[in-house]
Amino acid sequence: MVMSVINWFEDRQKFGGLIGAFLEEATRSSMTNERDRRISVNANKGLWARCDNCGNMLYVKFLKQNRSVCEECGYHLSMSSMERIELLIDPNTWIPLDEDMSARDILSFSDEDSYETRILLSQEKTGLTDAVQTGIGYLNGTLIALGVMDFHFMGGSMGSVVGEKITRLIEYATQRLLPLVLICASGGARMQEGTLSLMQMAKISSVLQLYQVQNKLLYISVLTYPTTGGVTASFGMLGDIIIAEPKAYIAFAGKRVIEQTLRQKIPDGFQAAESLFDNGLLDLIVPRNLLKGVLSEISGLYLSVPYNKN
């Protein structure tokens, strides 16, 4: 029986040696500009992806089956917001909220491209209206409110739409006494919106105060690569339970900014999830394929306790 090249690879999820060397050599020139940035896994862009940690060539079909985790080194590659929703929410139970909300360029901001152009390009690239998806759905049979940031939309930056959608999600969860899960992936506040983007930090923190303290409801924050800037400085670190993916980059300011400001060298891994966990800033580091089960157990434990608003 004649076997196609694709079928041959599908029978062998691990490939290396001469094949891996050949593939690396054949794609080296085209990958030069990609070496220093994370690879977004998208089947429409080809059959192969490259792990940003170990450099191994990965067959996209198997990579997606493995939740975008490198099977060679265990590195967690980036995921779209829709992929994360499909990972956590039971099939056919997802109900999006405020999905038609889109940003406006009220400051007429422009650098290389206008803000309006950047929004349109990101919308075309991702199919999203902005850098977060919010909604409700069942997680192993438990109804939760879920917000998922998408780094592929303008670096997951937080502007007025992101802040408003998350705020409305928290208010919705408060009214219906739902557990809240926010998946963070962001480069920080969106500079194109100026002060409007910065005020989202205070706005979200305020509604979380009502949700957590006054109503005693459960908020779980999940930090992924990368979670930085205004998201880290606000709702990212306000969870009752704070979870991170392995080796996630979590910071307020970048390493170079810190070193230039303090005029001293900071150690490697200083802003990795494992370092934050060792210093008591995180509660758990959970591999991606175990996250749904962990969230389900925490939510189930919380819901098993009789609700007492006082």
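Each position is counted from 1, following the chain as shown.
Backbone N, Cα and C atoms are what each Cβ position is placed from, and that goes for glycine too.
Under the heading Zn(2+) binding site, Swiss-Prot lists Cys51, Cys54, Cys70, Cys73. DSSP assigns Cys54 (Zn(2+) binding site) to coil in the three-state reduction, placing it in neither a helix nor a strand.
Annotation comment: Swiss-Prot describes 47-310 as domain 'CoA carboxyltransferase N-terminal'.
The annotation zinc finger is assigned in Swiss-Prot to 51-73 on the grounds of sequence analysis.
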Note down the number of other Cβ atoms within 10 Å of the Cβ of Cys51 (Zn(2+) binding site), including every protein chain shown. 20
Counting Cβ atoms within 10 Å of each Cβ, the densest environment among the binding-site residues Cys54, Cys70 belongs to Cys70
Cβ-centroid neighbourhood (8 Å) of the Zn(2+) site, Cys51, Cys54, Cys70, Cys73 excluded: Asp52, Asn53, Gly55, Asn56, Leu58, Glu71, Glu72, Gly74, Tyr75
Quick note, Cys73 (Zn(2+) binding site): same-chain residues at least 6 apart with CB under 8 Å of its CB -> Cys51, Asn53, Cys54, Asn56
